[in-house]
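*Asks:* Pasting the feature list from Swiss-Prot:
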- 1-41: region 'Disordered' (REGION)
- 437-457: transmembrane segment (TRANSMEM)
- 467-487: transmembrane segment (TRANSMEM)
- 511-531: transmembrane segment (TRANSMEM)
- 546-566: transmembrane segment (TRANSMEM)
- 579-599: transmembrane segment (TRANSMEM)
- 688-708: transmembrane segment (TRANSMEM)
- 727-755: region 'Disordered' (REGION)
- 737-755: compositional bias 'Polar residues' (COMPBIAS)
- 767-1013: domain 'ABC transporter 2' (DOMAIN)
- Gly808, Val809, Ser810, Gly811, Ala812, Gly813, Lys814, Thr815: ATP binding site (BINDING)
- 1131-1151: transmembrane segment (TRANSMEM)
- 1177-1197: transmembrane segment (TRANSMEM)
- 1219-1239: transmembrane segment (TRANSMEM)
- 1245-1265: transmembrane segment (TRANSMEM)
- 1280-1300: transmembrane segment (TRANSMEM)
- 1368-1388: transmembrane segment (TRANSMEM)
Amino acid sequence: MVDNYHSSLDVAKTPIQSDADAQKSEAETEGPSSKSSQIAAGESIADSVRNFLELRQGGIPDDTGVVFDKISAVGSGTGSQDAPTVTSAAQSAFGLLSPLQNRQRKQYSRPILSGFSGTINPGEMLLVLGKPGSGCTTFLKTLSGLWDEYKEIQGELTLGGHPLLDVMKQRPQDILFCAESDDHFPTLTVAETLRFATRARCGPQVSAREIDTMVTQLAKLVGLGNVLNTKVGDAKIRGVSGGERRRVSLAEALATCARLICLDNPTHGLDSSTAVEFMEMMREWTTQSRCVAAMSVYQASDAIVSYFDKVLIINSGRQIYYGPVRDAKAYFEDLGFECLSTTTVADFLNVMSADPDVRRAQENRENQVPRTAEEFERAFSASPIYQEMQKSVQVAKERFQTNPSPLVKTSAFALPIWHQIWYCAGRQFRIVTSDYSLWAVELATIVVQSLVLGTLFRNQQRTTSSLFIFASALFYSVLVPALQSMAEFGNGFAQRPLILKQKRYQISRPIAYALGLVTTDVVWKVAAICYNIPLYFLTGFQRTAGNFFTWFLIIYLEHLALSMFFRSVAIFSPNMHRAVLPVGIFFNMYVLYTGLYVPAPQMQVWLGWLRYLNPLYYAFESVMVNEFRDLSYQCSASDPVPSGLGYNDMAHQVCAVVGSEPGDRLLSGASYIHAQYGFKTSHLWRNVGINAALFVFFALCSGIGMEMLKTPAGQLATVFYKSSPGVTHRRDKIDSETGQDQGNESSEMSAGQSNDALRLQEHQGPDKSHNLAWTNLCLDIKTKEGDQRLLNNLSGSVKSGQLKALMGVSGAGKTTLLNALAGRSTIGNLTGTLALNGQVLPTFFRSRMGYVQQQDIHLPTQTVREALQMTARLRRPESISVADKNAYVEKVIEWLSMEHIADALVGVPGAGLNLEQRKKVSIGVEMASKPEILFLDEPTSGLDGQSAMLIARLLRRLADSGQAILCTIHQPAAELIDQFDKLYLLSRGGNLVYDGSLGTRCHEAIQYFQPRSRPCGPEENPAEYFLAVIGAGSRNDAHMDWASLWNDSEQGKEREKAEESLVPAAEQAPQLEQQSLYSVPFHVQLWVVVQRTWLYYWREPDYVNSKLWMSVGNSLLNSLTHLQSPNTERGAYNRVFSAFMSLIVGPPLGLQVQPRFVTLRDIFVHRERESLTYHWLAFVLSAFIVELPFTFLSSLVYWLLWYFPVGYFNAPSRAGYSFLMYELFGVFATSLAQLCASLMPNIEAAFAANGFFFMFCNTFAGTLSPKPVTPSGWRWFYNISPLFYLGEGVTVDVLQDLPIRCEESEVSIFYAVNGTTCGQYAQDFLKTATGYLLNPASTTECQYCRYRDGQSYFQQYGYEFAHRHRNIGVFICFIAFNFTMVLVMTYLTKTRRH
């Protein structure tokens, strides 16, 4: 039950109009609508809304009104700044050291909204209009109380008579802001998504059956009834269509039943009919629930506008109109503006927010109309409408002051926190089980690792020679979970926007999501038993239930504690690049201070305390105690000193193992681990408790960190510009909301088109005329239900100088057709004929086709000019000089009015160009190639009406210059569709229903449909009419077979004959002259792509800084731990394992490399590969080449801070060898990381695979599992383990010729036979021994040092100094193999047939 406030404000209602509706603009996954998906027969929208509200609320709620008076919003920053580079980052770092410079740092701010006032009465809908960047989103966020994103909010804002801040504190669930982006868990179904939101907002008292009823009813309201059991999906996971995904977002928002609903561009991705249908439903929703709704809508038709009560028009952050919708047009006409008969009221109002030259003044009033935002604001302030609005504000304030309604505090969340955690955990279980790719990789890797390690250490005997093997096996048992936990650290970054959204919706607290993940982990980590069982029993650990389950509990808690720790680090990091640095350093520290490499007694005083922060240390001590405490170990035949013939009396021998007593053949396990590692048997359960406590602590930290998540205000809406000598930027005009430079864009693209004509008069179009024709095009895919046809015998053509619109209802296959024509179809079986100028279309011609995708896919660090220049250099013929190509790019920039952003980085949404600018860049990239044929997939999607019109006029002018263009569109205004020559209209199932001329005001196409259906109304949008009559919309009842009508019509038959004449018979088809698949030679491709990739690295200093600082941190950790290792047995051990620890940094290095490789790969796969921009080999080579300098630099930094402090040899030949090998190791780590990234489907799986392969290589490096004691079945693996050659080379290099002098604690003591000296007694033994006697003249106590020098020490690992130089070549071969496999896997998985 929802409590509400009271308001006596009147409701101004707009008559509800019904219109034909449609589903989304592109829905390859949609099938025909079923009866269950639609509103029940005979049930009106009003009845459906009423039924849901009664289910959800138990009745009609009371009223709530909004009053805002002189509200202003101030944002942080200037809105634009120079792009950071490695150089600028270094300068900034040095600048921070200057106290004076720090004091001079200034906090910049910028106004976004200025002095807005108005009221929204209960049951009213407010339409917010404005050009992108004018402040529409900021206004909605301000109404919604999302003030954290801004530096300051000023003015008075009340809801139900109460200050908004009080409402946010007392009843935040009554306010909702639905963003334009669609953030969902992609592997959940639509029903699961809506059920979670509905359950969370209804509370625990509502039964599951009632929840299901609500979900069904809500899905019907937004037309999702037929896809309830379909995955939501995203850009990578196939699910519902984009329009349906948008409706899922809207349904989720409505499920909250908020009192104030703010929707940011809710019709984005919806076709015109579906958009009207949604607004009709919202009109009923607000009227019946008496809630308040405010929406920004781009490309709003008159039908959509008619549902609103009031409209707010914003121009550059200033309020230029607020009042009734019905009075808005007359108001601006009174100011002197003219609304043409062909212009919709929505476009006329929207253009008031645009630039001066776009607006049309009445004759003889050109100099009297307002031009700037300030002039508009002054004109509105002087108008009667403004005075009436101010009066209504004051009246509302007085009414609330005299008759205030109570503000009853209720819980913001309908579900108690424990219920939220429970439902979040259940949802996470569903996500884990439905997204099998990641957990399948994880499970496979741990099972394989377990089998490898178990068989490698199998059936160890209880002898002293197995002590180190047991310790190594136990170390691996705690290391593998650590690697797995580290690989999972980045899993939550993609969900951050979703978590913030659900917090905003009061669906669930972020801490509930975090603890739900913890609950899932507690159960899912039990799957680690798949790892534990083989390793434990194959190795030969104590086979008792008590020991096994104790061991399992220890590993289990360690895994949980580490997972929570790395997740906490990631949560408190702003992004993945920043998180990699602490994760890599902490991982290295945890492994180093586990207690094996550096036992506690040998830890340096200044760093030994780190072990107390280390879950691995507690786990390793516990598993060692669990295994060793109750056992004794027989002294092995090789361990007694002296040994051999004549040495059979143990009374005069000692087992040369730490912890042994002279004359005793048995070694107590407890004594050994205490003497060697400093472990105490009493610590077993203490450590279990500590790790359990660390798990709880880090879990709470992750929850607290998740609860603290918010969008940082200082990083919003910033445009970065290229910074270089001679480059100046025009930043005189900044978008009030996004902070983006507008320059004189609109003055250069005016509605009068005079400037447009001048700009394009030099555009000659393609060099030749072309006619692309297709006949009998069919596309069939296999589904669970059988074969499904997406395209059904389609025929058509597009000619030079022709602008053809491709439209269709839901599931028509518009994008599928474009992909098929452009040679980009990747699914199903495509049949039919494609011909160019009467000849079979060759593959190489694809590089001459331009394809503007619906998604704007660009490298964020490229400038607009660089993006266009790259395309021109790679896709235009080599015969054209680079200078001419660049000159043509400048013309394209001018044609698209992008001069002011030519040197701006494309960036990402929210930190880069806005949607309109990004769309222009996408078009410009394709125009820069001077294509013969241009395809565009919904280029106006998400743009406001005026921006869409500018794009349409641009296409019109391109067509007039001779360009052949086929363009899909949705939500087209009547004026916009009038720019097109032809219409290619599809119905569901990929059937053609019309292919012909549109005519003036679409007269010809209307004449075809009207005799066969209803007439088109005089004010009706022709585009909406076409979709309506052929059956668009979730409630449309049209059942006519329009495809058959077209095929049987005279126009259809004539068109078919004309198109068949353009396509030759297969046996007679002439071939175009064969040309190279790519426009320029490979070396040119490689050079251009390398330049682009270099700038990608150079302009993201976070990556380089992270790489260098990780090298600094890990090298200092290693060197300070082993600082100036002495020439003792322990010192030799330290030297070996210090070298080995330098290899443990491999997995963290992979965490840095892989995301960048995947980013470059995705851009290549989704855009550049399809257009044959460059060969796939150029992508792989460039990614590897550009990594090398940064890899070499970071390896150099690591080596300098590690090698000399440890105390290794200073001789150039020795130091140089280690330096070379470590540089090669950096290259190897990079190549292995890129190999895993090329092999795996996503970055999370790549992280897991990288850890697995490094684990495998480290296992056979020869230090933890020495080759001489390895079972023969595994010994050959050392020959294929790259780290064995590296470990051998570096180890022998740092130990050869090193004299070893044992300390007192390292000496083995035995007693000489009476009458002999120690030297005499042991002389036969010493002839073959690796050590020496310290006191050969003694006749009693003999002191034996096990190792004489470094070479005698490293022989135990099977290393040989003679292999030193050979290993360089072998290691280089492994690097070459890795890189070759990167090429092979990229070719097999990402290139298809190219």
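Backbone N, Cα and C define each Cβ position, glycine as well.
Owing to the predicted nature of the structure, the values given are computational and were not obtained by experimental measurement.
Describe the structural context of these features.
*Replies:* Long-range contacts of the transmembrane segment (437-457) within its own chain (CB-CB distance under 8 A, at least 6 residues past either end) are made by residues 469-470, 472-473, 476-477, 480, 484, 487, 491, 524, 527-528, 530-540, 1240-1242, 1244-1245, 1248-1249, 1251-1252, 1255-1256, 1259, 1265, 1270-1271, 1273-1274.
Here the transmembrane segment (467-487) has long-range neighbours at 442, 445-446, 449-450, 453, 457, 460, 528, 531-532, 535-536, 539, 541, 551, 555, 558-559, 562-563, 565-566, 583, 587, 590-591, 594, 596, 616, 619-620, 623-624, 627-628, 633, 657, 667, 672, 677, 1147-1148, 1151, 1244, 1247-1248, 1250-1252, 1254-1255, 1259, 1264-1265, 1269, meaning same-chain residues at least 6 beyond its ends whose C-beta is under 8 angstroms from one of its own.
Residues 477-478, 481-482, 484-486, 488-489, 518, 521-522, 525-526, 528-529, 532, 536, 583, 586-587, 590, 615-616, 618-619, 622-623, 626-627, 684, 687-688, 691-692, 694-695, 698-699, 701-702 of the same chain sit 6 or more residues outside the transmembrane segment (546-566) yet have a Cβ under 8 Å from a Cβ within it.
Here the transmembrane segment (579-599) has long-range neighbours at 471-472, 475, 478-479, 482, 486, 489-490, 493, 562, 565-566, 569-570, 573, 607, 610-611, 614-617, 620-621, 624, 676-679, 1106, 1109-1110, 1113-1114, 1117-1118, 1121-1122, 1134, 1137, 1140-1141, 1144-1145, 1147-1149, 1151-1152, meaning same-chain residues at least 6 beyond its ends whose C-beta is under 8 angstroms from one of its own.
Long-range contacts of the transmembrane segment (688-708) within its own chain (CB-CB distance under 8 A, at least 6 residues past either end) are made by residues 499, 509-511, 513-515, 517-518, 553-554, 557-558, 560-561, 564-565, 567-568, 571-572, 615, 618-619, 622.
In the shown protein chains, 26 other C-beta atoms lie within 10 A of the C-beta of Gly813 (ATP binding site).
Counting same-chain residues at least six beyond the ends of the transmembrane segment (1177-1197), those with a Cβ under 8 angstroms from any Cβ of the stretch are 1082, 1085-1086, 1089-1090, 1092-1094, 1096-1097, 1103-1104, 1107-1108, 1110-1112, 1115, 1153, 1156-1157, 1160-1161, 1164, 1168, 1219, 1222-1223, 1225-1227, 1229-1231, 1234, 1238, 1379, 1382-1383, 1386.
With a cut-off of 8 Å between Cβ atoms, the residues of this chain six or more beyond the transmembrane segment (1219-1239) that come close are 1142-1143, 1145-1146, 1149-1150, 1153-1154, 1157-1158, 1161, 1180, 1183-1184, 1187-1188, 1191-1192, 1194-1196, 1198-1199, 1203, 1246, 1249-1250, 1253-1254, 1282, 1286, 1289-1290, 1293, 1367-1368, 1371-1372, 1374-1375, 1378-1379, 1381-1382, 1385-1386, 1389-1390.
Sequence-distant contacts of the transmembrane segment (1280-1300) (same chain, at least 6 residues past either end, Cβ-Cβ under 8 Å): 1127-1129, 1131-1132, 1135-1136, 1139-1140, 1142-1143, 1208-1209, 1214, 1217-1218, 1221-1222, 1224-1225, 1228, 1256-1263, 1267, 1345, 1347-1354, 1357, 1359-1361, 1363-1364, 1367-1368, 1370-1371, 1374-1375.
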*Asks:* Please indicate, using numbers and ranges, the residues of the same chain that are 6 or more beyond the transmembrane segment (1368-1388) and have a C-beta under 8 Å from a C-beta there.
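*Replies:* 1161, 1176-1177, 1179-1180, 1184, 1220-1221, 1224, 1227-1228, 1231-1232, 1234-1235, 1238-1239, 1282, 1285-1286, 1289.
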*Asks:* Helix, strand or coil for Lys814 (ATP binding site)? Use DSSP.
*Replies:* helix
*Asks:* Validating a neighbour-count step here. Other CB atoms within 10 A of the CB of Ala812 (ATP binding site): how many?
*Replies:* 31
*Asks:* Mean pLDDT across the domain 'ABC transporter 2' (767-1013), rounded to an integer, is what?
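*Replies:* Across the domain 'ABC transporter 2' (767-1013), the average pLDDT comes out at 86.
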*Asks:* Using a Cβ-Cβ cut-off under 8 angstroms and a sequence gap of six or more, which residues of the chain neighbour Gly808 (ATP binding site)?
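*Replies:* Spatial neighbours, sequence-distant, of Gly808 (ATP binding site): Lys814, Leu985, Leu986, Ser987.
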*Asks:* Where does Val809 (ATP binding site) sit in the DSSP three-state scheme?
*Replies:* coil
*Asks:* Taking 10 A as the limit, how many CB atoms besides its own sit near the CB of Thr815 (ATP binding site)?
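*Replies:* Other Cβ atoms found within 10 Å: 23.
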*Asks:* Report, as a single number, how many Cβ atoms besides its own are within 10 Å of the Cβ of Val809 (ATP binding site).
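*Replies:* Other Cβ atoms found within 10 Å: 31.
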